[in-house]
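Visitor: Sharing a structure, written as structure tokens. Questions coming.
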Amino acid sequence: MTASLLASVPSVVVLTTGGTIASRVGDDGVSTPGKVAVDLDAIAARLGVRVTVVDVLRVDSAAMSHTDLDTVSAAVERALRPDVTGVVVLHGTDTLEETAMLVDLVHDDPRPVVFTGAQRTADHPDGDGPHNAELAVAVAADPDRRGQGVLVAFGPRVLCARGVRKAHTTELDAYAGVPAARTESRITLRRNPIAGIRVDVVALYPGVDGVMIDAARHHGAAGIVLEAMGAGNANADVVAAVRRAVDAGIVVALSTRVPSGGVVTTYGGGGGGADLVAAGAVSAGETSPAQTRILLCALIAESTHDVAGRFADVVAAPSTRASNQASAPSRTSVRIQA
């Protein structure tokens, strides 16, 4: 192949991090991650693209630390060399939405970065890893995907990273979120490591008091995410604990445990969303508790003077709104002409 022809072929870097897509079941019936088992050379040949594989981590994504998330984010940045068309990250599904969110928050390059994984192990007779990997490589090589930010390609869907969430523990169509689309108003942050930053998620429920919020405050949390009831509601004890946390300089974000819709801060009565905001909490809109936590970590890492104000700006951006709506199957063809 001549140099000019080689230069015209899309080039995709695939970063492997472990997860189910790289796992096999042992004699004890337990699956553990290893080296990626998807035939990426065959995928490259079918799609007419060049694929370069970089092993970054080999971990179960549920065991990933903030340091691991920083490692993946830095690997994505390094992979985006001038000759690269796009990047694919093979990742475990348990925390894919968190890592994808972090990478998207700092991704200021128009080239696509596409996360994917698998629900079935690499040695499963009907594994979904090969399909998902091929879809992700096709999306990463597609020039029409430029300017769409970080994406998640999984099953039949290509979704925006911001707003994506794992919606089923075992089904192959595992993720819900906003279909990928170009947006000119994405807000990106400065790239700073989140290792060492503590942001706790506190689940709220009938009869909850402020003990867990106070515990987070006493144990060095820089931020707290409330996984509230309904449209963002709690009770008077929680409101009082939020006020104590905010007075101590902790940023408190108000999210909801409900998978569809977002926070609506109109309820009062001493413990509603309006009362929580009055106590100093900031609404997370339709951002899930998991991604709200990552956003707070990234903003705190920026050393932004007004973290709460910056947080409000990011969640109000179009790429983080309507995050829980049903998504349509992807229109991206797996076959791309070189």
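Each residue, glycine too, has its Cβ placed from N, Cα and C.
From TrEMBL, for reference:
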- T20: active site, O-isoaspartyl threonine intermediate (ACT_SITE)
- T20: active site (ACT_SITE)
- T93: active site (ACT_SITE)
- S73, T93, D94: substrate binding site (BINDING)
- 12-179: domain 'L-asparaginase N-terminal' (DOMAIN)
- 198-303: domain 'Asparaginase/glutaminase C-terminal' (DOMAIN)
Visitor: How big is the gap, in Å, between the Cα of T93 (active site) and that of the residue listed as 'active site, O-isoaspartyl threonine intermediate', rounded to a whole number?
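Guide: With the alpha carbons as reference points, the distance is 7 Å.
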Visitor: Compute the C-alpha separation of S73 (substrate binding site) from T20 (active site, O-isoaspartyl threonine intermediate), stating it in Å without decimals.
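Guide: Each residue's Cα considered, S73 (substrate binding site) and T20 (active site, O-isoaspartyl threonine intermediate) end up 20 Å apart.
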Visitor: If you draw a 10 Å sphere around the Cβ of S73 (substrate binding site), how many other Cβ atoms fall inside it, taking every protein chain shown into account?
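Guide: Result for S73 (substrate binding site): 23 neighbouring Cβ atoms inside 10 Å.
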Visitor: If you measure T20 (active site, O-isoaspartyl threonine intermediate) to D94 (substrate binding site) at Cα, how many Å is it?
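Guide: D94 (substrate binding site) has its Cα 9 Å from the Cα of T20 (active site, O-isoaspartyl threonine intermediate).
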